[in-house]
Amino acid sequence: MTDATNSQSFEKEPQLGDYFALMKPRVMQLVVFTAVVGMLAAPVSVNPVIGFASILFLAIGAGASGALNMWWDADIDAVMKRTINRPIPAGKVTGQSAMYLGCALSGLAVMMLSLSANLLAGFMLAFTIFFYVVPYTMWLKRSTPQNIVIGGAAGAFPPVIGWVIATGSFALEPWLMFALIFMWTPPHFWALALFMRNDYDDAKVPMLTVTHGRRSTRNHILAYTVLLAVLAVGTAFSAIGGWIYLATALVLNLLFLKGAYGIWKRDEEMSEADNFAVERRFFMLSLWYLFAHFVAILIETILKPYGLGGW
Amino acid sequence: MALRPEHEIHTRRKSLNIGVGLMLGGFVVLVMFLTFAKITSSGFQIPASVGKGVGEQISTEGSN
């Protein structure tokens, strides 16, 4: 490459932070947190160094899938207000760089997780990256209004991988944590779609609000929230539950059901009158909802050796 | 005066290069600690074929 092409191609020099932003740091936080809970809730203790390294490689794998998602969805991101400042549409990083980064980090993360933890954990991470990038990002996101439901599965795998890092095998409990995130994702994103509606319309992403209408979306939010509440409270009676978890689940699910009912009984006119205040509150509550459930599982786990956690 | 003048691209990418360098260094340190943790864990065993190979080499050296 000549000096002339160098100065032309790199007018806006990408910084380290731009590459980091490609890895969706907020999603990585959720991945790390739920995976750590999954790992600590397992009945097998993990060497702290091995545990730290394994969670780090899992986070890198999650970040890599985020970079691949941004590479593929750059055209959509450039249209939506919520995503227009992401590194590729903002012109900070090229799509090709994101693709190379995503592929390289995916390979590194899967290989290192297999070595630091076990082959099953490595395989699970590889499957999660594949599931998020190929069936969800490349196919279903643009073709079905159930995109969020299916995509939610990819975000639900981390606690299962955390458990597998510790035990090297599956059990019912990590799948309950999986189901909790899986069932939580649709009402969380559909509430967002209700008050960010122009974004998804403009990008022609077939969100439920676009394909089936906003009334149907409100019905779906309530239905999923009821199913989620049953699952979340039922988890209290498993090996990862206990009194603290039960109390947390009861309070939060009552609030969540109240919020979903509030969304269900409103129409567009009412929502527009207060700028979707109820929908926005429900969305914010959904963030605390998931966090608090996993914190409760973590507290149960920490207290167990002292005879306080669990049943 | 430096033997070779620094290219302008190195100046522009200085912070990126330092960041990547630090991360690679961190990765090396992490792998080192990971190796220590693995080989000092109670379940660690030297693979049979490697162990045998080492033994053979020692005995050969002894006979010479």
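Cβ from N, Cα, C; glycine included.
Taken from TrEMBL as is:
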type: TRANSMEM; residues: A:27-46; note: transmembrane segment
type: TRANSMEM; residues: A:52-72; note: transmembrane segment
type: TRANSMEM; residues: A:93-113; note: transmembrane segment
type: TRANSMEM; residues: A:119-136; note: transmembrane segment
type: TRANSMEM; residues: A:148-169; note: transmembrane segment
type: TRANSMEM; residues: A:175-196; note: transmembrane segment
type: TRANSMEM; residues: A:217-237; note: transmembrane segment
type: TRANSMEM; residues: A:243-261; note: transmembrane segment
type: TRANSMEM; residues: A:282-303; note: transmembrane segment
Recorded stretch that, among A:27-46, A:93-113, A:217-237, A:243-261, A:282-303, has the most CB pairs under 8 Å to the transmembrane segment (A:52-72): A:93-113
Chain residues in Cβ proximity to the transmembrane segment (A:119-136) (below 8 Å; excluding those fewer than six residues from its ends, i.e. six or more beyond): 54, 57-58, 61-62, 64-65, 68-69, 72, 102, 106, 109-111, 113, 147, 150-151, 153-155, 157-158, 160-161, 164-165, 168-169
Range from A:93-113, A:148-169, A:175-196, A:243-261 with the greatest count of C-beta pairs under 8 A to the transmembrane segment (A:282-303): A:243-261
Interface-richest range of A:93-113, A:148-169, A:175-196, A:217-237, A:243-261 toward the transmembrane segment (A:27-46), CB pairs under 8 Å: A:148-169
Remote residues contacting the transmembrane segment (A:148-169) - C-beta distance under 8 A, at least 6 residues beyond either end: 27, 30-32, 34-46, 51, 54-55, 58, 62, 65, 113, 117-118, 120-121, 124-125, 127-128, 131-132, 135-136, 140-141, 175, 177-182, 184-186, 189-190, 207-208, 294
